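Colleague: If you look up TrEMBL, you'll see 6-140 marked as domain 'Enolase N-terminal'. Among the features that TrEMBL reports, domain 'Enolase C-terminal TIM barrel' is placed at 145-437. If you look up TrEMBL, you'll see Gln169, Lys351, Arg380, Ser381, Lys402 marked as (2R)-2-phosphoglycerate binding site. According to TrEMBL, the feature active site, proton donor maps to Glu211. Annotation source TrEMBL lists Mg(2+) binding site at Asp248, Glu299, Asp326. The active site, proton acceptor feature in TrEMBL is assigned to Lys351.
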Amino acid sequence: MIYMQITNIHGREILDSRGNPTVEAEVTLTETSTGKRFTGCAAVPSGASTGRFEAVELRDAQERYFGLGVQKAVSNINTKIKEALSGRNGLDQQEVDRILMETDGTDNKGNLGANATLAVSLAVARAAAESLNMPLYRYLGGVHTDRMPVPMMNILNGGKHAANTVDFQEFMIMPVSAGSFSEGLRICAEIYHYLKKILVQKGLSTGVGDEGGFAPDLPDARAVLTLIIEAIEKSKYPPGKDVKIALDVASSELYNEKTGMYHFPGESSLKGEEIVRDTSEMITYYEELINEFPIVSIEDGLAEDDWEGWKKLTKRLGGRVQLVGDDLFVTNTKRLEAGMKLNVAGAILVKVNQIGTLSEAMEAVLMAQHHGYKAVISHRSGETEDPFIADLAVAVNAGQIKTGAPCRSDRVAKYNRLLRIEEQLGRNAYYRDPFPTV
Ligand SMILES: C=C(OP(=O)(O)O)C(=O)O
Ligand SMILES: [Mg+2]
């Protein structure tokens, strides 16, 4: 086996797309037989509507800039992780990740920080691909990597990602019937621009949220969906046929443990009365929305601990739409397995920093796919220019990627990387509707 020895690891603090500190790592591999050196660099994103069961993002007690610093996580990279991995083979990703897990020694990366472990894990993979002169997606996925993901493009932001009155976190469009990724991306970008025009005409704000989607004040989900349908119709791609809609409700953020209800603060403020829904009202609400609009996917429709609710939700709507578990599964095979045993949801959202190593994230994808669940590769609301997840989406043939609007460089970096990958794959690239029967 070729040995690419890990000869240097360096962590540093950089900024994410919200202007908060985050972690980056650089890993150097040296080919033992020739002395040739290769480096890989990777940056870690950060969530806002984080799930309670995610791996620990290690933050300092002190603020830097505005957000809490990551000096401790950086220092863990430059001391403990460097010591543990020096001399190891960078081509043995699973072994590298196992050592990261053992060095941390907890179930949730609470010692080293998932931000520290992930930066190194991803940087090792990049350096390894570089050392073999292979594109990252090919290194990660091997021979059978040819499927371009359908964008699940977030064009209107609410919830924790924007300071508006929209309570659902994300309204996304999916160009399911496009002939290629590039065509799908173009369709999405056109609809995004049409939506902007419509908002201007209606005197609504065209300011954007954390993921680049517009963030106007609107009374409820129906009002948002009506505008999105108008924008899709303007683009000449029939809604419900060529372009379908996906939602991320991020309902753990709406759930109140004390009342056992889902609270809608934005809707309440505009309607002048407290709007709350219990689990069965939430399910009925989704059913009505699915009946009225071409919705094909709903993420985190119920809260991260509402397993009983998820069972009912899946029974009632799982045959009609893709139900995605984000806060529910947190890219964690244990939670995914528990969910599969209960027969809840139909897809896992995969965010690499929810679990803290590349191998564990890829294992979650494989577990899902082996059991008939889908995997959607996802960014975080706090991102960097690192397009790693674009390669990952192609490598695992996920078929779906969630990476924001086409107007912020942190999101566009992923789309542009996918354009380049599609060009490289040439006629082997294929693109298809993840929901052909819906
Ligand atoms: C991308 C998301 O947001 P965050 O990164 O804030 O968890 C999400 O909830 O799917
Ligand atoms: Mg989510």
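Placement of Cβ uses the backbone N, Cα and C atoms for every residue, glycine included.
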Colleague: Looking at the binding-site residues Lys351, Arg380, Lys402, which one has the fewest other Cβ atoms within 10 Å of its own Cβ?
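Modeller: Comparing Cβ neighbour counts within 10 Å for the binding-site residues Lys351, Arg380, Lys402 gives Lys351.
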Colleague: Within 10 Å of the Cβ of Asp248 (Mg(2+) binding site), how many other Cβ atoms can be counted across all chains shown?
Modeller: 27
Colleague: Could you check which of the recorded positions Glu211, Lys351, Arg380, Ser381, Lys402 is the closest Cα neighbour of Glu299 (Mg(2+) binding site)?
Modeller: Lys402
Colleague: Compare the C-alpha of Gln169 ((2R)-2-phosphoglycerate binding site) with the C-alpha of each of the recorded positions Glu211, Asp248, Asp326, and give the closest one.
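Modeller: Sorting the recorded positions by distance from Gln169 ((2R)-2-phosphoglycerate binding site), the top entry is Asp248.
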Colleague: Take the mean position of the Cβ atoms of Asp248, Glu299, Asp326, the recorded Mg(2+) site. Which other residues of that chain put their Cβ within 8 Å of it?
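Modeller: What remains near the Cβ centre is Gln169, Glu170, Leu247, Val249, Ala250, Ile298, Asp300, Val324, Gly325, Asp327, Leu349, Ser378, Lys402.
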Colleague: Which has the fewest other Cβ atoms within 10 Å: Gln169, Ser381, the binding-site residues listed?
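Modeller: Each of the binding-site residues Gln169, Ser381 was scored by Cβ atoms within 10 Å; lowest is Ser381.
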Colleague: For Ser381 ((2R)-2-phosphoglycerate binding site) and the residue listed as 'active site, proton donor', determine the Cα separation and express it in whole Å.
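Modeller: Distance (Cα to Cα, whole Å): 6 Å.
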Colleague: Find the one among the recorded positions Glu211, Asp248, Asp326 whose C-alpha lies closest to that of Arg380 ((2R)-2-phosphoglycerate binding site).
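Modeller: If we rank Glu211, Asp248, Asp326 by Cα distance to Arg380 ((2R)-2-phosphoglycerate binding site), first place goes to Glu211.
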Colleague: In whole Å, note down how far the CA of Asp326 (Mg(2+) binding site) lies from the CA of Lys351 ((2R)-2-phosphoglycerate binding site).
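Modeller: Their Cα atoms are separated by 8 Å.
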Colleague: Measuring Cα to Cα, how far is Asp326 (Mg(2+) binding site) from Glu211 (active site, proton donor) in Å?
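Modeller: Asp326 (Mg(2+) binding site) and Glu211 (active site, proton donor) have their Cα atoms 16 Å apart.
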